[in-house]
Amino acid sequence: MVEPVGNHYIVARPVYSENLFNEEHEKLHRYHKNFWDHLKIYFRCSPQRVKKIALRLFPIISWLPAYRFREWILSDIVSGINTGLVAVLQGLAFALLVNVPPSYGLYAAFFPILVYFIFGTSRHISVGPFPVLSLMVGGAVIRLVPDDNAGNGTSTNISAINEERVMVAASVTFLSGVFQLLLGILQFGFIVIYLSQSLISGFTTAAAIHVLVSQLKFMLQLPVPGFNKPFGIIYTLESVFSQITKTNIADLVTSLVVLLIVFVVKEVNDRYKAKLPTPIPIELLMTVLAALISYFVNFEEKFNVAVVGKLEEGFQAPVAPDVGVFQKCIGDSISIAIVGFAVAFSVAKVYSIKHDYPVDSNQELIAFGLGNIVGGSFKGFASSTALSRSGVQESTGGKTQIAGIISAVIVLIVILAIGFLLAPLQKSVLASLALGNLKGMLMQFKEIGILWRKDKYDCVIWVVTFLAAIFLGLDIGLATAVAFQLLTVVIRSQFPSCTVLANVGRSNIYRNRKDYTDIYEPEGVKIFRCSSPIFFANIEFFREKLISAVGFSPLRVLRKRNKALRKIRKMLKKGELQVTPKGLICMVNHTHESDEELDNNRIEELDQPTNMTDLPIQINWGADLPPGITVPRVDIHSIVLDFSSVSFLDFSATRVLQKTLKEFVRINIDIYIAGAHEGFLDKLERCAFFDEEIKPSMFFLTIHDAVLHILLKKDIASSPKLKPTEVTLQFLSSLL
């Protein structure tokens, strides 16, 4: 019964052990589906299931018929045009990261959008090239087709190398799409949870540094070879600075001017975004201006700058991927697949929460997988979503992926009709535009101080991820970061927080005894909490902490008592001890028997429960013992283990826990376990945990139930801490 009294409540109920509670309250017997049941449901075929699968596989069927044409079409058109212009420029710029001709970046900005329009579940992300993915694909391209293969640098050799690189990029993209598609079909969308926000932040920041270093050769126009290997960034910087005197000043000045203007205007866009109807399209303005100046001043001939050159018009026929590349780039493809999905889903999740609609992680994997398969078939490279481009699509009023289709139309126009206008554009301008989109990633360095104050583990994960990705490369660095992150989880669970609790405020609340002054600890009772699952890796730590909390080793006490009994039996047999009403009296001056002599006895016998049935008197271990016999004093009669935070217990831990509890039981200490979750007892029964010494009756619903049971059992009516009336109130669980 619960009675509210102002902002207090009073509860009156019996003290419940698990067994007593289950006897008084009938429990429903639920059928839990096994693996085969789930398999049957998954492959069951019915009209409703077919419809459900169709709607899930083709989300466009759900949202397109409900499209509010009059309300949304204008916003989507405006958003699509703005996003399309940004997509064109980013496609050209990010192609430099992949080490392929710029025109192939337009294919990467076109085909994935069409696929995502049909299969994607987010309404606001802009699908296409992403600098981190582009750099990862470029790493595989450089490794398989290095710059050294250029030979004498003739146009024929350069064209052949470009074709080979395009094929490698397309094959890696195709394979990463296959991995994403398989993960989506197998419902592995949950893998994104293994990439924490700290890991993603540290990784993308390191990728931004890699992008910055990789673009130096375009900004300075230096022949810097690619180094896709551990510490490659060091070799790249060494190559850059060893040739720094050969810098093309025109490219350097152009890059710095463009970069400065882009950063300033982007800062204005961020600061006044509430007042601006649409962000200033600075990338477009700088591209048009730079192309016009380069064309009319004739930069290519006067200053020998590198320009985009003629862009291929139209589309090329789809090609089959190179199977030989598959064998050499499996690791790269897996990394690209996971990183691309993790970044895109993180952005999609932000917008889905903001605009209140669901996104399906498994369907997103399928959408990006098919997008990369199609894009790779048409010689594009890996796609995800660029944060800046998605921000443009959402902030300019985009409502659905209709805006994405409009942006694809803009890219299509450039591919088919006006691409030639970009021929005089300097590559250094594209490099500067690529770097201009890295501001948000580079600003993530500020998170180090924030994370250090909030969670040092997350801060260490960020730093390790950043350093691993910087020095080992993005692919090996990502694998290292994930392994380190999982290691921190193991470490935190291997060394869990274990505390001794006490009653606070004479109520049913139990907290860490070190944190409060108004506490009550029942005499002879220790309440011990473990705030972690208990498994093979931390069970020994749990045992050590428990022994440290009670202040003695139960096994040592048990062995000492069994040794003492042997001595007593031996002395009684020799007549050296006499039984009196006051206890045992030693009749001789006893000489101390060495521990070495006793240790020669079989150790297994010392670990068994004490047996006094053959003695004429029961030994009181708390009283004075005959001279020469010493046994550690034990002032505890009960231990309560709070298992409310123990979510699971594996079989190995079960064996060690059973052994530990038996050691306490054998020295006459009662063990109680409180707050165990549903199914805990059933699992222990299946593991043969219970026997004559360890019984199910030790389990109680709460710590308070166990403590009240102990107080009643030990009859503390005479305790100076609690008056008899207080005991009665405690047993009624009245919380005043």
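Note that Cβ sites are derived from N, Cα and C of the backbone, with glycine treated the same way.
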Check your understanding: Taking 59-76, 365-382, 671-688 as the choices, which stretch does TrEMBL tie to transmembrane segment?
Key -> 365-382
Exercise for review: Grab the same-chain neighbours of the transmembrane segment (193-213) for me: Cβ-Cβ under 8 Å, and only residues 6 or more beyond its ends, written as numbers and ranges.
Suggested key: 97, 131-132, 135-136, 233, 236-237, 240, 338-339, 342-343, 346, 434-435, 438, 441-442, 444-445, 447, 451, 458-459, 461-470, 474, 477-478, 481-482, 485-486
Check your understanding: By a Cβ-Cβ criterion of under 8 Å, what residues six or more beyond either terminus of the transmembrane segment (280-297) are in contact with it?
Key -> 82, 85-86, 89-90, 254, 258, 261-262, 265-266, 268-269, 305, 307, 421-422, 424-426, 429, 433, 436
Revision key, fill the gap. One stretch in 104-120, 166-186, 249-268, 334-353, 460-487 has more Cβ pairs under 8 Å to the transmembrane segment (77-98) than the rest, namely 104-120
Revision key, fill the gap. Same-chain residues at least 6 beyond the ends of the transmembrane segment (334-353) with a Cβ under 8 Å from one of its Cβ atoms are 121-125, 127, 130, 132-133, 136-137, 172-173, 176-177, 179-180, 183, 189, 191-192, 195, 197, 200, 203-204, 359, 361, 364-365, 368-369, 372, 382-385, 387, 390, 394, 474-475, 478-479
Check your understanding: Cβ pairs under 8 Å with the transmembrane segment (104-120): which stretch of 166-186, 249-268, 365-382, 460-487 has the most?
Key -> 365-382
**Study point:** Stretch-averaged pLDDT - the domain 'STAS' (515-710)
**Key:** 85
Review point. Which one, 365-382, 402-423, 460-487, has the most C-beta pairs under 8 Å toward the transmembrane segment (166-186)?
Key: 365-382
Review point. Restricting to the same chain and to residues at least six past its boundaries, which positions have a Cβ under 8 Å from a Cβ of the transmembrane segment (402-423)?
Key: 67, 72-73, 75-77, 79-81, 83-85, 87-88, 91-92, 102-103, 106-107, 109-110, 113-114, 116-117, 126-127, 287, 291, 307-315, 393
